[in-house]
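K.L.:
For reference, the structure I am asking about is given below.
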Amino acid sequence: MGRLYWLPLLAPLLLLRPPGVQSAGPIRAFVVPHSHMDVGWVYTVQESMQAYAANVYTSVVEELARGQQRRFIAVEQEFFRLWWGGVASDQQKHQVHQLLEEGRLEFVIGGQVMHDEAVTHLDDQILQLTEGHGFLYETFGIRPQFSWHVDPFGASATTPTLFALAGFNAHLSSRIDYDLKAAMQEARGLQFVWRGSPSLSEQEEIFTHIMDQYSYCTPSHIPFSNRSGFYWNGVAIFPKPPPDGVYPNMSEPVTPANINLYAEALVANVKQRAAWFRTPHVLWPWGCDKQFFNASVQFANMNPLLDHINSHAAKLGVSVQYATLGDYFRALHTLNITWRVRDHHDFLPYSTEPFQAWTGFYTSRSALKGLARRASALLYAGESMFTHYMWPAPCGHLDPTWALQQLQQLRWAVSEVQHHDAITGTESPKVRDMYVMHLASGMLGVRKLMASIILDKLQPQAPMAASSGAGPAGHFASVYNPLAWTVTTIVTLTVGFPGVHVTDEAGHPVPSQIQNSTETPSVYDLLILTTIPGLSYRHYSIRPTAGAQEGTQEPAATVATTLQFGRRLRRRTSHVGRHLVPVANDCYTVLLDQDTNLMHSIWERQSNQTVRVTQEFLEYHVNGDVKQGPISDNYLFTPGKAAVPAWEAVEMEIVAGQLVTEIRQYFYRNMTARNYTYAIRSRLTHVPQGHDGELLCHRIEQEYQAGPLELNREAVLRTSTNLNSQQVIYSDNNGYQMQRRPYVSYVNNSIARNYYPMVQSAFMEDGKSRLVLLSERAHGISSQGNGQVEVMLHRRLWNNFDWDLGYNLTLNDTSIVHPVLWLLLGSWSLTTALRQRSAMALQHRPVVLFGDLAGTAPKLPGPQQQEAVTLPPNLHLQILSIPGWRYSSNHTEHAQNLRKGNRGEVQADLHRVLLRLHHLYEVGEDPVLSQPVTVNLEAVLQALGSVVAVEERSLTGTWDVSMLHRWSWRTGSGRRRGDTTSPSRPPGGPIITVHPKEIRTFFIHFQQQ
C-alpha cells in the first residue's frame, strides 16, 4: 500500500523517463570533498572545536593551497566563524581569501547552521541564513548560490522558496521517505525543478537534486578490506586529538598493490549511481560526519587514486575530478535539458524503514522547542524596539554598541538552535543544556536592553525602583506591541495582593481582573485588557487598594469568582450531555458536561453552528527493548497499538470574571491521586464595548500541563468532533504555507506514518465549519479518526539500543511542559480571515517589562501621542532591525574595500535599517485579503523619520535585486521563469506592491537628524 500511495507522484517521473543516458562518452564523476559538522548533536560546540572542527579548517586550507586541482565545500558557518575569529592566523585568513577567489573553496548554504525543515519557523530559518550570509559577505564579499541540505529529517516545500529568495541557483536535499526515494531512483527522477509555493510558482522555483540512497557519505564498504574505505583520516576522537595522530578505523592507504582495487570500487559505485540519474554527470560526495580533520592524509591518498582512474578513463568508462557543488551544478545547467516540475507538495514525514517513521522528533524536548520560539519572539521585539529607539533620533544615554551586542548574542543563539539536531530534540542532554544556556543568556541581554530603553524614556519621571519585590507603592508595567497592527489582548501579571487599581499613562482606570493564581496559591493573576498600536507602548500603574490615595474613586480590578465541580470518573457509556454548563462570550458558547467534567460542544455565533467538541489526554505505550521489537526514541515514533486514556478522573472549576472566564480541568491517573498529571486551562474573553476585539473574541485560548510522564509514554491531546473531516487535516510548512494531509493506510506503522509536523497552525473541516489550532511551538499532529485531531504534547523514553546509549541519545525527559494552543471555530471565510493574524498574535504577544513603583505614577505619552507603525491586515512586518553590518550596499565599493584590506577599520553601520515584509495569504485564499497590497513606505515608516532611500535586496540582504540573475532551467511545463527572481519593478521607490506570499526585503535609509 505504501508504494501505491506514491503512484500519483511517480506518474510524471515515469512519463519523463528517458531511454538511456543522454550522452555518449565516459561518465563524469564530480568528487566533492566535505565534512558534515553538526553544531551540537552529541557534543557541545566547544568540545567539537577542540576535538576536530578547528582542525578541519586548518588542515583543509593548508592542503588546498598545495594543489590547484583540490576542492572543498564548507557548509555551516558557526564552526567556521569560531575558527576564523579565534584560531586562524593572518596567513590562513589570506589563504582563505585566495581560495575563495579561485573557486577552490566554496561556501554552500552559508547559514549559521543547517537548519531543520520540519519543526523550524520560516522567520527563524531566514534569521540563521541572514546571520551566516551577512558574515560571509561582510568578510569575503561572497554570496552562496547553492544549498546542501543533506541531513534534515524530511524536506519542506518552504525550503525551495526560501533558497530561491536568497538568490540560490540550485538546491540539494537527501532525506526523503525510503520507498519514494527507491521509486525515484528507478525512474531516474531524483532531479527536478521544484515550485514549492503555489502562489509564487515559477517565479521562485529552484532546480533540486535529491541525493541517492548513499546520501552524503562516501560508501564505506570496500570488498578488499575489513576497514572502511576512503576515510583515510579515520574517525574523530573526543575530547581531543590523539597525540600520536592515530585514529580508529583509518582506511588502508592507497598503494601500488591495492590502487586497482580502490579504483574498481570507486568506479563501480559511480556507475551504479549513474544509472539513477538522467545525465552522465555524477555527484560523488567524499566525506561524512566529522571528516577532513586531517586533510593531508585524505588528499595524499585520493590524489593518486583519481590520477589512476583518469589515466584509464577510456577503459573504465569513467573520468573523475575534484569539484565544488557549484562545479557540478554548472555542468548540469550547461546541458540545457528539459526537467520535470514538482509542485508544492513536501517530503514529510520521513521514514527509513517500515517501522522507522521519523515523526517523534516533531515533539521531542517540547520545553526546548517552546524556549526557542520564545527567544525568537523576544528577539523580534527587541530588534524593532531598538530600531525605533535609534530613529528618528536616540532620546537618551543608551550605548548603541552595547545594545547591538545584546541583539547579536541572541541572534547567534536563536540561529544556533535551528540546527537539525537542536530544536528537533535529538541532541544529548549536555548539548541541550548548551542550547538552553545560550538562549537564556541571550534573552537576558535583550531584556536588559529593552528595560534600558524604557528607563531611558522614563528617566525624567523616575517611576521605577531598583529593588525587586513588591514595594509599598505597587508595580509599574510597560507593555510593547512588536507587531505592525493595532493589537487588543489580555496581558497577565503576577501580583502579591488580592485587590488592585490599574491605571494607564494618563491616570485613567483600565479594565482588569484579579483571580487566584493557577500555579501558586500565595499570589494572584492580574489580567489587564490592553489596546496597543503597532510598534508602540502602553504603561500601567498597579497599586494595591490599601495603598491607593485616600479620597480617590478609582474602580478596583474586578474579582473573579470560582465555581468548583467535584471529581468525576471517566465514563464508559454514551449517556452524556444531560447536564450542560455554558461559558460564553460574544463569539462562542462553550458547553461543559457536568457528568464528565469534559467539554461537550461549542456554538459559534456568526455561523449559528454547534460543533460537538470533546478533549482528553491519551498516551501511546511504546517499547524500549530492542529484543521485543521496534522502539521509539528521540527521532522515531513507533507505537505498538492505539493510544489509551491517560486518566481515570477529572476535576473542573470555572473562574468567572467580567473580563475573562477560565475553565480549568485537572486530569488524574486514578480517583484517589493527589496530584494531576494533565490539565487544560481554557480562556474566553469578554471584550468591553469600545474595543476592537475581533481577534480576541474569536479564539479560545488553551494552556496545557503535561507531565511528569511515566517511562516510555508519549502523551497526546485528542480533540474529537462531529466534523465530517474524512480523516483529512491540514498542517503548515514552517508557518508559511499549508499542506493537505489525508490519512493513508500502510501495511505497517500507519499510526506513526500519519503524523505530521505542526509548526504554527493546523485545521480540519467539513462543508460547514472549520476548527483551527494555532501553536507557539512545534508539535506532531495527526488524525487517527474521522473528525479527530490529536496533538502530541510530550514524550519520555528510554531504550537499550546500543547506538542511542553510546551517544546518550535516550529521551528520559521528566519535565512538566506547558504548551499553548489557540482554537478558532467558524466558517471557512471567517477562519481564513482570522487564522494568519491570530497566529502572528500568538507568536508575537506583547512584551511586558515589570518593575516596582517608587512613588506617584508618572504621566507618560499615551498611544495617541505615539506615532505608530501600521500595515494592512494581510501584510506582516517580518523584521525591522538595525543589523549593524560593516559592508557597503554597493557591491563594487564593498569589493574594493576588501581588496584594500581595511575591513577591520569599518564601523558597524547603525544607520541602515533592514525591513522585510511578508504577504500572509495565498492566491485565491480570501476574496479581499489575497489581493496584492500597495503601501507607501514613507508613510508607513514616518514614525521613524523621513525616508531618503529605499534599496530592494535579496532575502538575506546580500544582493541588490536589480543585480541578481538566477539561473533559468528548462522545464516541460510550458511555463518558464525569466532570469530574474521577480517581476520588473520600479527601482528604489517608496511605493511598493506586495503580491500573495511574497517576502520582500529592503534597506531603508532615513534622513539623519
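FYI, residue positions are counted from 1 along the chain as it appears here.
In case you wondered, yes, glycine gets a Cβ from its N, Cα and C as well.
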K.L.:
For the Zn(2+) site that Swiss-Prot assigns to His36, Asp38, His420, which of the candidates Asp151, Asp307, Asp525 is also assigned?
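P.N.:
So, going by the record in Swiss-Prot, that would be Asp151.
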K.L.:
Excluding near sequence neighbours, so keeping only residues 6 or more apart in the same chain, what lies with its CB under 8 A of Asn808 (N-linked glycosylation site)?
P.N.:
Val42, Ser428, Pro429, Lys430
K.L.:
Could you measure between Asn812 (N-linked glycosylation site) and His420 (Zn(2+) binding site) for me? Cα positions, answer in whole angstrom.
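P.N.:
Between the alpha carbons of Asn812 (N-linked glycosylation site) and His420 (Zn(2+) binding site) there are 20 Å.
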K.L.:
In whole Å, how far does the CA atom of Asn890 (N-linked glycosylation site) lie from that of Asp151 (Zn(2+) binding site)?
P.N.:
35
K.L.:
On a C-alpha basis, identify the one among His36, Asp38, Asp151, His420 that is nearest to Asn336 (N-linked glycosylation site); the candidates are the binding-site residues.
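P.N.:
It is Asp151, whose Cα lies nearest.
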K.L.:
May I ask for the distance between Asn249 (N-linked glycosylation site) and Asn675 (N-linked glycosylation site), taken between their Cα atoms and rounded to an integer number of Å?
P.N.:
52
K.L.:
For Asn808 (N-linked glycosylation site), what is the secondary structure by DSSP, using just helix, strand and coil?
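P.N.:
The residue in question, Asn808 (N-linked glycosylation site), is coil (DSSP, three-state).
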K.L.:
Tell me the Cβ neighbour count for Asn226 (N-linked glycosylation site), meaning other Cβ atoms within 10 Å of its Cβ, over all protein chains shown.
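P.N.:
I count 8 other Cβ atoms within 10 Å of it.
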K.L.:
Within 10 Å of the Cβ of Asn670 (N-linked glycosylation site), how many other Cβ atoms can be counted across all chains shown?
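P.N.:
Other Cβ atoms within 10 Å of Asn670 (N-linked glycosylation site): 9.
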K.L.:
Would you list, in sequence order, the residues of this chain other than His36, Asp38, Asp151, His420 that have their CB within 8 A of the centroid of the site's CB atoms, where the site is the one recorded for Zn(2+)?
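P.N.:
The surrounding set, listed in chain order, is Met37, Trp41, Met114, Val150, Pro152, Asp289, His419, Asp421.
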K.L.:
Provide, as an integer number of angstrom, the distance between the C-alpha atoms of Asp151 (Zn(2+) binding site) and Asn294 (N-linked glycosylation site).
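P.N.:
Cα of Asp151 (Zn(2+) binding site) to Cα of Asn294 (N-linked glycosylation site) measures 23 Å after rounding.
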K.L.:
Only counting partners 6 or more residues apart, tell me which same-chain residues put their Cβ under 8 Å from the Cβ of Asn748 (N-linked glycosylation site).
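P.N.:
The answer is Pro354, Phe355.
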